[in-house]
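Take a look at the structure set out below.
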Amino acid sequence: MAIAYYAEDIQLPAIKKKAVSGWIKAVAETYGKKTGDISYIFCSDEKILEVNRQYLQHDYYTDIITFDYTEGNKISGDLFISLDTVRTNAETFHTDYNEELHRTIIHGILHLCGINDKGPGEREIMEENENRALAILPEECR
């Protein structure tokens, strides 16, 4: 079982893969989950729009699409992250790009752990959980 990082049509972001993978595992454990096979696919806005249209029938850009293959307490999935939208969100929300990237990385893991963000009040709960996870992000990743 592994956490893997790929770049689809862009360059892989400069993240500390080993430290980030350890952080992901630590966050998952706080929800009573173990990590299975998790693939991060970093891509452009155009690629994530293509994935959104093809698999979800959504015609818009987004920062992350999570395909959940979780079985029991072992989380697994493919997570597409648009680095273009991450950059736009960092500018929009006046946050550091690196922080926004790690927020997006953990956002997908939180979905795999069962946290939603579409219903009433769920977005706030998701943000609280993201903030809790970011608080334990290893210093070398900041």
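Cβ coordinates come from backbone N, Cα and C, glycine included.
Under the three-state DSSP scheme, Asp117 (Zn(2+) binding site) falls in the coil class. In the shown protein chains, 16 other C-beta atoms lie within 10 A of the C-beta of Asp117 (Zn(2+) binding site). The Zn(2+) binding site annotation in Swiss-Prot covers His107, His111, Asp117.
Within 8 Å of the centroid defined by the CB atoms of His107, His111, Asp117, the record's Zn(2+) site, lie the Cβ atoms of Ile64, Thr66, Gly108, Leu110, Ile115, Asn116, Met126, Glu130, excluding the listed residues themselves. Here His107 (Zn(2+) binding site) comes close to Asp63, Ile64, Met126, Glu130: these same-chain residues lie at least six apart in sequence, with C-beta atoms under 8 angstroms from its C-beta.
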